[in-house]
Amino acid sequence: MSPSPFAPTIETIDYPFPPKPIPLSDAEKADYKARIKQLLIEKDAVLVAHYYTDPEIQALAEETGGCVSDSLEMARFGRDHPAKTLIVAGVKFMGETAKILSPEKTILMPTLEATCSLDLGCPIDKFNAFCDAHPDHTVVVYANTSAAVKARADWVVTSSIALEIVEHLDSEGKKIIWGPDRHLGSYIAKQTGAEMLMWQGDCIVHDEFKANALRDLKRVYPDAAILVHPESPASVVAMADAVGSTSQLIKAAQTMANERFIVATDRGIFYKMQQAAPGKTLIEAPTGGNGATCKSCAHCPWMAMNGLKAIEASLSDSDKTTHEIFVDEDLRVKALIPLTRMLDFAKTLNMKVKGNA
């Protein structure tokens, strides 16, 4: 489905990429891990990590009784865990989602500078104006958005339940505004037939996957199944043997008979995917330039900021201003409404909501 003529035009945004963390020696890594484990106990804290963080961070979360999952499950785990402090290894909107669900807890992030192109590409002032121009539309936003954008929405969705919710709204004759990921929105529109006004954002990682290069790689590995996250361009999604959220792609690798998979999502997912499918071969899908001219090169630069040194600092720094997440209470209450609406809808379907990027 082509974008609505009323939707904002696609702008090429040159996102300011952060510098990569300085590599640590094995001895330094061991020291930081030991220190983090001790501080988690002392501070009554638990570490939750997103699928797209580096493998050693995911392993540390598991070793210390935390969790590795998508952003909504991270927030729910933190809400239900008895720890008073939640360390969120991910990007800023994930920390905000955790605070929305657990206002009484201290939410810390390794760095508040870890952001997301979907968040940056959907500033609340412009999104408000877009929604105000179409007051008869129901506003549906992806979970990969700021607390302010969530507060403006009627529904918040993850990629695992977006199809069902949009189908439900469409069956009721609702006109829909979708934001911010244009690729995911187009995929949902194609699957459901719903008419949607689409915000024109994208994920810098998934937007770089290229169908022509993927086709060439498939020729090299004809027996490989192609797994694609729906934040990818339509031409890439069209080549997929399985399309789904992070958790759904992990499940596909585990259950499909293929011994080899070409995976079109952030390579951070390989850690949990390999756990779920030991012995199977995982291959990165090609990005723009086959590594020569790609920008993200299949790994989110902001996720990469969640290093051991930064995690230790979030626990040890006496000044928490560069780590602690705050959400205005009025905004939090408003953002909680569409989140709760999604969770309640999921209960009626008897399904567990997982799977935003």
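For all residues, glycine too, the Cβ spot is worked out from N, Cα and C.
Keep in mind that what you see is a predicted model, and the values were worked out from it rather than measured.
Among the candidates T115, T246, T255, the residue that Swiss-Prot names alongside H50, S71, Y142, A143, N144, S159, H229, P230, E231 for the iminosuccinate site is T246. With C116, C203 listed by Swiss-Prot as binding [4Fe-4S] cluster, the candidate from C297, C300 annotated for that site turns out to be C300.
The Cβ of C300 ([4Fe-4S] cluster binding site) has 27 other Cβ atoms within 10 Å, all protein chains considered. Other Cβ atoms within 10 Å of the Cβ of E231 (iminosuccinate binding site) number 30 in total over all chains.
Taking CA atoms as the reference points, C203 ([4Fe-4S] cluster binding site) and E231 (iminosuccinate binding site) are 7 Å apart. The two recorded residues, C300 ([4Fe-4S] cluster binding site) and H229 (iminosuccinate binding site), have Cα atoms 14 Å apart. In this structure the C-alpha atoms belonging to C116 ([4Fe-4S] cluster binding site) and H229 (iminosuccinate binding site) are separated by 16 Å.
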